[in-house]
Every structure is written in C-alpha cells, then in structure tokens.
Amino acid sequence: MTGATAAALYERVRRVIPPVEWPTFVEDIEAILALKRERNAIILAHNYQTPEIFHCVADIVGDSLALARKAVTAEAQIIVLAGVYFMAETAKLLNPNKTVLIPDLGAGCSLADSITAQDVRLMRQRYPEIPVVTYVNTSAAVKAESDICCTSGNAKAVVESLGVPRVIMLPDEYLAKNVSAETNVGIIAWKGHCEVHERFTPADIRELRAAHPGVVVLAHPECPPDVVIEADFSGSTAAMSDYVEREKPPRVVLMTECSMSDNVAVAHPDVEFVRPCNLCPHMKSITLANIRSALEENRHEVRIDPRIAGPARRAVERMLSI
Ligand code: 13P
Ligand code: SF4
C-alpha cells in the first residue's frame, strides 16, 4: 500500500479514529488488501464492525438482509464474513461451493443461542399447521426446521406474505412484539432476547431527550417494545442508516450497537451523533488481526451438514424471493 493509499483510507475514518491509533492498523490493512487480491477473496462486513474494518478492508457492507442478498452474487472464491457466526452460515448456505471463513469461531449471538432445532419441533407440535418464521439470527439447524426466514429489515413483509391469520415467529420476543404492533397477523413468540438491545429502556430515551434537546431517536426493532414506542423511528441497521442519509437530522441517537454510529458518522459530518451505545461482544471479537489470519491460514471454514443445509437454504431463499 502506498503512502497515498494509506492517507486516502485514513481520510475516510479520521472523524472516528484518532491519529494516534491509526498506525496500529496500517500494517494489517495493507496485508489484508494484498491477501484479498492474491486469494480472490472478498470481505462482507456487518454494520456493527469497527470503522477500520468497515471502511478500510470490507468490499460489501450492510445489514443482515443486504449481506445475505449480496452473498448470492459474490464473485470471489473466498468469502470472509466480518460479522457473527449465523451470518457466515447464511453466506455458506447461499454459496455452497465457495469457501466461507469466519475469523473468530466464538462470534456467536444471544438470540441464536436462545433456541435449538428441538425447541422448534416442540413449537410445531404445540401449534400444528401454524407456519414458522425464523429470524436469521439463528443456527442453520433452526433455519432447517422453519418455513421461511426473516430479518429485521423484512419481518413484517415476510409475515404478511404467508397469507395466514397466525404465525410462529422465533426467537426474538421483542422483534415479534414490534412486528405484531404493525400487522393484523397474530404472532406467537419465543423468549429470546438480544443481549445488546434488551438493555435499552424508555427512561434512557427520556434522559437523552432532556440532555440533548431536539435529538431524533432511532431504535433497532430488537429493542423492547416500550423503547420502540418512545423512539421517533425504528428499523434495521440499514434502515437507520438510510434515515440519517434521507432526513439529515441535526442531532441523532441510534439505540443500537456502538460501532453503528461511528460508521454512519463518517459520511455525515454535519450530523451530531449522541452515543449512549451498548457493545456487542460477539461482533467485537472480529478484528483486523484475525481477519488477516483467516486469509493467511484459511480459517475458520464454515461447514454445514448437507442434511441441514438443504432445508435451511430453502427457508433463506424463500425469504430472498419476497
Ligand atoms: P440487522 O439485520 O438490522 O443488521 O441486525 C442484525 C443484528 O444482529 C442486530 O443486532
Ligand atoms: Fe446477536 Fe444482539 Fe450481537 Fe446482533 S447485537 S449479533 S442480535 S447479540
């Protein structure tokens, strides 16, 4: 990487990475950019990845829905998923003949951990004939037991696409309740929660409004319903980013994971971001160092039992066809 390229990259992130920190990233960024070319690899990064990953080495960025959609058309032979394990599994389901790498096998998700395939089978026994809509934040084994997947960006459309009076929606209780408030379809929920978003409260929002007059509050639909009601807008990480782009609020707060504000702030120097965020430890376990090792050592390769992959892929593809 030439000095000019490094300077151009730093220019992108200088509002969110202090000059003193930048030199610690440069060597890994340079190595990753070279490895991507040598190995015909691309990096898909979720909106919660840190700015040095999101803005300096990623090829495709977005919310879970965008990453799933773009994984389908990925041209490279190797996909490195800078995000959590269920996202890497989704990329593998959609690219069975490509190598999909997750830089840290410990990058889990409290929602994915809240439910097993056996739990879904028991729900089906309890509510026969009711279709199962599964949030993508689940294992491939759970997806395989489902009729269709959804993300926070399309949950209402997916639920309504089935043309039935009631659905089972797993595993995020709050997403299910937030969707239920927007549709006439009855929703049977599970008790899973996101450990990051469940910590926000309506009192947080009231305090923020008092401390930062005029602040516009955007909340992810994994937040509890009383938080979403108190907010000015609720949507997926991509929908929040689009809202800032479209409305350009002078002052905004994103009730979501910490890196999201950094990544959106880079493109909006005129917007003031108030930042009472919560950190997702799973997302933060992905670093430039382990992305580099993933590409150098071809690890950790995502493999899915073919008996699970077939039905899980059908549930994801059915969602993508909507
Ligand atoms: P999005 O699909 O909105 O990006 O959300 C994914 C996620 O894990 C949120 O916690
Ligand atoms: Fe899972 Fe919550 Fe982390 Fe998203 S933010 S990956 S839902 S634990």
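Positions of Cβ are set from backbone N, Cα and C atoms, glycine also.
Fair warning: this is a prediction, and the values are worked out from it, not measured in the lab.
Record check, TrEMBL: iminosuccinate site residues include SER64, TYR135, VAL136, ASN137, SER152, HIS220, PRO221, GLU222, THR237, and the candidate from HIS46, HIS55, HIS212 also listed there is HIS46.
GLU222 (iminosuccinate binding site) is 7 Å away from CYS194 ([4Fe-4S] cluster binding site) when you measure Cα to Cα. CYS280 ([4Fe-4S] cluster binding site) and ASN137 (iminosuccinate binding site) are 14 Å apart (CA-CA, integer value). Under 6 Å, Cβ to nearest atom of ligand 2: this is the test, and of the binding-site residues CYS109, TYR135, ASN137, CYS194, HIS220, CYS280 it is passed by CYS109, ASN137, CYS194, CYS280. Those same-chain residues not listed among CYS109, CYS194, CYS280 yet with C-beta within 8 angstroms of the centroid of the [4Fe-4S] cluster site C-beta atoms are VAL84, SER110, LEU111, ASN137, GLU195, VAL196, HIS197, GLU222, GLU257, HIS282, MET283.
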